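Chemist: Copied straight from Swiss-Prot:
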- 32-109: domain 'Death' (DOMAIN)
- 110-155: region 'Intermediate domain' (REGION)
- 159-293: domain 'TIR' (DOMAIN)
- S244: phosphoserine (MOD_RES)
Amino acid sequence: MAAGGPGAGSAAPISSTSSLPLAALNMRVRRRLSLFLNVRTQVAADWTALAEEMDFEYLEIRQLETHADPTGRLLDAWQGRPGASVGRLLELLTKLGRDDVLLELGPSIEEDCQKYILKQQQEEAEKPLQVAAVDSSVPRTAELAGITTLDDPLGHMPERFDAFICYCPSDIQFVQEMIRQLEQTNYRLKLCVSDRDVLPGTCVWSIASELIEKRCRRMVVVVSDDYLQSKECDFQTKFALSLSPGAHQKRLIPIKYKAMKKEFPSILRFITVCDYTNPCTKSWFWTRLAKALSLP
């Protein structure tokens, strides 16, 4: 039941949700998208055509083909890339001539986006009152003026880092090895390790957001089975991926340092991984990681 063109059913969601991240779409909408796009036909563009429009490469698309729900995997992978948004997704579906999808799911997408906007407004209203900022490099609230051990309490000289380390408490021994290899050698990098560098007594979510977005040039994610169960690590990772396209120069670097029983997180699968478990490349591991963190 294809529409005759970019009709009214798709115009409203595109105009009102153009800048919202893909995280605004809930599982019900994603499952229905999969029902439309997973089916391979000769008369309508499927998920592979959408993947090409999203600039996925041939080998990436072939890997997605191995999954039971390739459309769902595609959306998970794409939402961490620059330019990914609800509006952009709808524009690509329009370009591919899938007006049937837009007309069928448009109201549900609009509903999800309105819920997302309302939730963001509620969270914003619950934040502490902001003080006037003279410069973008100064913390935006009084609460965040002194959050690390070397911070200026007045916020005039906020402490900065080469990388924020996202990790679980159970992985602290590897983080300590990372400190020895990257800070206490000729690399002289400066890592932000919450248990060592962050002062107690403030909101962990506000601190993480401030450090990842404003204070750290990169973010290293120590992936393990315990990481997959951590709400704090999940928030930090998704926050870093959801930053505006201009902030994606703060490259996310996933590290796998030991064997995992669970599946590697799909949201990180299309980012190059530093694999400490590979004996063939282990001797190059710290050099590669240090150079990645030293990039401008």
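Cβ coordinates come from backbone N, Cα and C, glycine included.
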Chemist: Mind tallying the domain 'TIR' (159-293) by DSSP state, helix then strand then coil?
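Modeler: Split by secondary structure, the domain 'TIR' (159-293) comes out as 63 helix, 24 strand, 48 coil.
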Chemist: Please list the DSSP helix, strand and coil residue counts for the domain 'Death' (32-109).
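Modeler: So the counts come to 50 helix, 0 strand, 28 coil.
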Chemist: What is the pLDDT of the region 'Intermediate domain' (110-155) when averaged and given as a whole number?
Modeler: 66
